[in-house]
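Take a look at the structure set out below.
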Amino acid sequence: MTHLLGVVGDPVAHSLSPFIHNGWLRAHQIDAVYSAFEVKAGELVSGLQSLSSQGVIGLNVTLPHKEEAMRLATSVSGTAHRLGAVNFLVRREDGWIGDNTDAPGFGLTLDFGDIEVSGRNVFLLGAGGSARAVASVLADRGARLTICNRTVGRAEDLARDLAPGARVRSLDEGLRKLSSAALVVNTLSLGHSGGRLELPPSAGGIFYDISYGKGAEAALKEAREKGWRALDGLGMLVAQAAISFEHWFGIKPDMAEAHARCRKLVEATS
């Protein structure tokens with residue numbers, strides 16, 4: 001019997017997840033298909049019921065459903081509780097089991113790129129859902145973390161919840177101090193709305209944007225021109241997919257191969 005898996009969100013047609021997972025499924029000769037399912041905001045209850053009746057056994061969850069997925073799951077992991085969101089579901093007889101791959105995916109990305117953060121100055125730009133996962137990993141790994149956000153109160157809430165030792169700055173103040181950073185992680189969505197970051201020069205620091213493709217182009221270009229080592233979020237996407245794949249099938253897929261496949265596709269379509 002062919003297993004059915006997928007990603008739910010809105011919009012979701014642009015997702016690279018089917019491309020990643022179906023490549024791994026073919027490589028391991030697994031009888032399964034991974035698809036993208038568009039489910040509108042507020043329709044996750046009926047969406048999950050429909051997908052369950054179709055025989056879907058596992059899902060990745062993207063915007064705008066991560067918080068609602070946590071409320072709907074029969075049980076959720078400690079990581080998901082800590083981050084306040086679910087982005088991974090497995091169907092069991094008694095309902096959907098929820099987890100969150102954002103934090104372990106970011107951690108795996110740091111490992112994959114040999115990026116050491118312990119005791120180093122790290123600046124996190126943004127305080128939204130993705131920033132919560134990033135902050136938790138950076139704090140757990142002993143980074144000297146500064147969280148920068150336009151709304152300082154949100155950054156303070158994030159620090160209190162997940163990174164008690166972090167410093168908090170307004171975005172403008174933080175941007176002026178970035179030169180001292182060994183790593184900057186940008187979770188802001190400026191590139192998707194035509195906005196632009198004004199980065200200071202760097203002598204070899206790393207600028208990591210969790211976006212990829214056109215959404216990250218402007219920030220990465222600015223970073224390279226200012227002397228930063230610029231990295232996009234494609235690696236984090238692949239890492240999260242690998243964690244999901246291993247959960248479902250007990251197999252560690254080839255991340256490097258998938259990353260190369262995705263890079264080629266993104267460059268061809270940018």
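The backbone N, Cα and C atoms fix where each Cβ goes, glycine too.
Per Swiss-Prot, the feature shikimate binding site maps to Ser15, Leu16, Ser17, Thr62, Asn87, Asp102, Tyr212; the stated evidence is sequence analysis. If you take the C-beta of Ser15 (shikimate binding site) and look for same-chain residues 6 or more apart in sequence within under 8 angstroms, you find Val7, Gly9, Ala36, Thr62. Following the DSSP three-state reduction, the secondary structure of Ser15 (shikimate binding site) is coil.
As annotated by Swiss-Prot, active site, proton acceptor applies to Lys66, with the evidence given as sequence analysis. Same-chain residues at least 6 positions away in sequence with a Cβ under 8 Å from that of Lys66 (active site, proton acceptor) are, in sequence order, Ala85, Val86, Asn87, Gly129.
In three-state terms derived from DSSP, Gly126 (NADP(+) binding site) belongs to neither a helical nor a strand segment and is classed as coil. Taking a C-beta cut-off of under 8 Å and a sequence gap of six or more, Gly126 (NADP(+) binding site) has these contacts in its own chain: Cys148, Asn149, Asn186, Thr187, Leu188. If you look up Swiss-Prot, you'll see Gly126, Ala127, Gly128, Gly129, Ser130, Asn149, Arg150, Thr151, Val152, Gly153, Arg154, Ile210, Gly233 marked as NADP(+) binding site, on the strength of sequence analysis.
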Densest Cβ environment (other Cβ within 10 Å) across the binding-site residues Arg150, Arg154 belongs to Arg154
Ser130 (NADP(+) binding site) to Tyr212 (shikimate binding site), Cα to Cα, whole Å, comes out at 14
Among Ser15, Leu16, Ser17, Thr62, Asn87, Asp102, Tyr212, the record's shikimate-binding residues, the widest C-alpha separation in angstrom comes to 19
